[in-house]
């Protein structure tokens with residue numbers, strides 16, 4: 001269990017009230033703008049801290065749409081208005097209230113996640129510890145995305161792009177068979193980047209090139225967090241603002257691409273029947289939950305550096321709205337690119353059918369066009385039924401809607417679908433460099449928040465901080481994560497990545513945030529917490545926040561928790577997608593027993609921190625009470 005966090009008592013600017021403060025000499029810049037009579041203009045340190053928080057959330061939100069983290073988010077936004085309705089509602093009843101709750105707890109308790117919840121109740125130290133464990137798991141596997149981004153960035157300077165065409169076979173008599181059955185982008189991802197094994201049981205060896213990229217990714221993260229908040233606040237100016245610039249450039253380029261309107265129409269076409277589907281509401285809630293980074297402890301860590309008088313309520317609303325707007329903006333950019341890719345594939349499919357029929361029936365060149373294709377196919381089927389039936393198995397069923405639906409499914413969205421579109425653009429190297437550099441900045445921005453959730457409790461610990469300097473603690477955390485992360489550079493590493501991505505955080509975060517809301521409202525006391533916030537900011541807590549914290553948000557989290565558990569139970573044996581090199585496609589396989597055991601350990605490792613720490617605290621107190629001599 002982590003040691004007790006160091007804190008001092010210092011007077012607050014609010015009515016002389018005493019608050020628990022940071023260790024003397026430790027910087028306490030503000031994330032938020034001051035309230036009341038405090039000037040609304042942001043001081044350099046204030047802007048730096050707010051940029052740090054917003055940069056982390058915007059990066060997390062955007063990578064939800066551009067990386068592996070939550071591919072279903074893109075698919076859900078394709079429902080258009082029918083998804084935006086539950087998305088906005090969940091933002092109001094779940095996103096903003098829980099974001100405000102964590103910021104307020106951090107600002108009030110003035111400590112990292114472990115110390116903050118231990119201050120609420122000695123029995124709740126396990127909540128903070130569970131957040132640290134989840135953040136540790138996330139940091140362990142999440143940085144491999146940055147390693148892949150480095151890998152693709154380095155290869156983006158080649159002409160042509162290495163994923164643009166299939167390589168020749170060993171005899172140089174044709175293209176590689178696996179690549180021909182799949183596609184050039186899939187081949188480069190699964191064979192050249194991952195060198196993926198056929199199943200999770202075939203571990204294979206560590207791939208040295210991705211491993212070096214992973215080491216580089218952790219080195220960059222270490223340099224960014226070297227001095228804690230003193231360096232991350234400056235780095236985040238770059239990691240938060242540059243992706244917006246690149247997204248704007250991509251938006252302009254995407255809207256000028258042929259077929260971009262098809263992607264945007266697919267995204268915004270209402271599918272009202274989805275409003276009656278409970279899964280659409282569950283997915284909207286999950287999307288909000290993870291894009292805001294609730295339960296990881298990073299929000300509490302950031303807010304613990306605020307001045308007590310800062311209006312965290314105002315900025316919880318602002319940041320959550322900007323975060324969601326960033327998600328929607330990123331999805332517009334993405335679907336314009338997907339529309340181009342889907343249209344290109346659709347028209348290529350039609351041209352292949354036209355060429356096939358022209359050669360098979362000796363038609364005049366130019367006679368068959370996309371406009372009269374269906375009419376001519378009907379004529380040929382009726383006039384030459386025998387010959388047409390021979391050709392029919394060779395004809396693909398070309399559908400623009402199927403291409404659009406395919407564009408937002410599957411693993412490796414950033415490294416397969418986007419590269420498929422980029423390779424067909426003019427000056428493809430430029431667009432590839434811009435895209436992967438943006439993805440890298442977003443990934444590093446997310447990693448700054450993840451590591452902050454781990455480092456803040458460690459640097460607050462008297463035992464650790466008294467023996468190791470801040471730089472050594474940061475280096476040790478990065479080194480341990482990097483060593484464990486080498487598992488994801490093995491031939492079976494992508495399967496282990498999927499396990500961590502799917503099971504290391506989801507259920508754990510739901511339970512953590514549920515306990516947090518219950519702890520504030522019913523353990524610490526909602527009225528007591530309300531008076532604390534009023535003393536800090538000078539503003540009373542409105543009925544909206546109290547209703548969300550005390551009732552609506554906890555019930556919603558319980559519903560999510562029940563849904564996930566029932567979904568896992570109804571699914572039966574857990575399965576994963578394995579790459580079949582012979583077929584050139586993904587196939588479904590069952591997880592082996594040892595993989596199921598590791599999945600259980602991943603979930604239990606964080607969740608069990610809560611009851612075990614509470615039990616340990618109870619036993620310790622009972623033993624101390626028993627050793628205390630009776631008072632005469």
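The backbone N, Cα and C atoms fix where each Cβ goes, and this holds for glycine too.
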Report summary line: Ranges in play 53-78, 157-182, 235-260, with TrEMBL marking transmembrane segment at 235-260
Query raised in the report: Of 20-45, 280-305, which range does TrEMBL call transmembrane segment?
Result: 280-305
Requested in this report: Test the contact criterion for the transmembrane segment (547-566) and the transmembrane segment (476-497): 3 or more CB pairs under 8 Å, pairs 6 or more apart in sequence, then answer yes or no.
Outcome: no
Requested in this report: Determine the most Cβ-crowded residue among the binding-site residues 291, 323, 446, using a 10 Å radius around each Cβ and all protein chains in the structure.
Outcome: 446
Query raised in the report: Would the transmembrane segment (503-526) count as touching the transmembrane segment (433-455), if touching means at least three Cβ pairs under 8 Å and pairs must be 6 or more apart in sequence?
Result: no
Requested in this report: For residue 442 (Na(+) binding site), just count the other CB atoms lying within 10 A of its CB, please.
Outcome: 31
Query - Which of 208-226, 235-260, 317-338 contacts the transmembrane segment (433-455) most, counting Cβ pairs under 8 Å - result: 235-260
Query raised in the report: Considering only Cβ pairs under 8 Å, which range in 123-144, 317-338, 476-497, 594-615 makes the most contacts with the transmembrane segment (280-305)?
Result: 123-144
